[in-house]
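Features from Swiss-Prot:
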type	residues	note
DISULFID	Cys23-Cys88	disulfide bond
REGION	1-23	region 'Framework-1'
REGION	24-34	region 'Complementarity-determining-1'
REGION	35-49	region 'Framework-2'
REGION	50-56	region 'Complementarity-determining-2'
REGION	57-88	region 'Framework-3'
REGION	89-97	region 'Complementarity-determining-3'
REGION	98-108	region 'Framework-4'
Amino acid sequence: DIQMTQTPSSLSASLGDRVTISCRASQDINNYLNWYRQKPDGTVKLLIYYTSRLHSGVPSRFSGSGSGTDYSLTISNLEQEDISTYFCQQGNALPRTFGGGTKLEIKR
C-alpha cells in the first residue's frame with residue numbers, strides 16, 4: 001500500500017492568515033492527490049482533486065499544488081468556518097490511502 005505522511009498533525013493560526021499543509025507519498029502518485037476536510041460535526045467534504053482542481057462550490061481561498069510524491073494544500077485569508085481536520089488521499093492505486101490528518105484551530 002502507498003503510505004501518506006501528512007504534516008503538521010495540528011496547526012493554530014489567526015483569522016486572515018495563510019496556512020499550508022503538506023502531504024508526502026511513499027511513491028509517485030502521478031498527481032492523483034485529493035484533499036478533504038472533516039468539520040467538527042463530522043461532515044466530510046471534498047475540497048480539491050487531482051492535485052489542484054477545486055471541487056464545485058469550494059472558494060478560491062483554497063489551492064493545491066505538487067507533483068510526484070510531494071503535495072500541499074494552502075488556505076489563504078483564514079476564516080472561522082475553516083476550523084476542521086484536513087486529510088490528503090491518494091487515488092493512484094488501491095487501496096486509496098489517507099494521510100493522518102491535520103487539525104486546524106483558530107488562535108484566540
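Note that Cβ sites are derived from N, Cα and C of the backbone, with glycine treated the same way.
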Any chance the region 'Framework-1' (1-23) and the region 'Framework-3' (57-88) are in contact, meaning at least three CB pairs closer than 8 A with a sequence separation of 6+?
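Checked: the region 'Framework-1' (1-23) vs the region 'Framework-3' (57-88), in contact.
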Near the region 'Framework-2' (35-49), which residues from the same chain, at least 6 beyond its ends, have a CB less than 8 A from one of its CBs?
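Counting only partners 6 or more residues beyond its ends, the region 'Framework-2' (35-49) has Cβ contacts under 8 Å with 55, 58, 62-64, 73, 83-89, 91, 101.
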Mind checking which residues reach the region 'Complementarity-determining-1' (24-34)? Cβ under 8 Å, same chain, six or more beyond either end.
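Tertiary neighbours of the region 'Complementarity-determining-1' (24-34) are 2-7, 46, 48-51, 64, 66-71, 88-93.
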Please spell out the DSSP helix, strand and coil residue counts for the region 'Complementarity-determining-3' (89-97).
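Helix/strand/coil tally for the region 'Complementarity-determining-3' (89-97): 0 helix, 2 strand, 7 coil.
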Would you count the other C-beta atoms found within 10 angstroms of the C-beta of Cys88 (disulfide bond) for me?
29
Tell me whether Cys88 (disulfide bond) sits in a helix, a strand or coil according to DSSP.
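Strand, per DSSP.
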What is the average pLDDT across the region 'Framework-4' (98-108)?
96
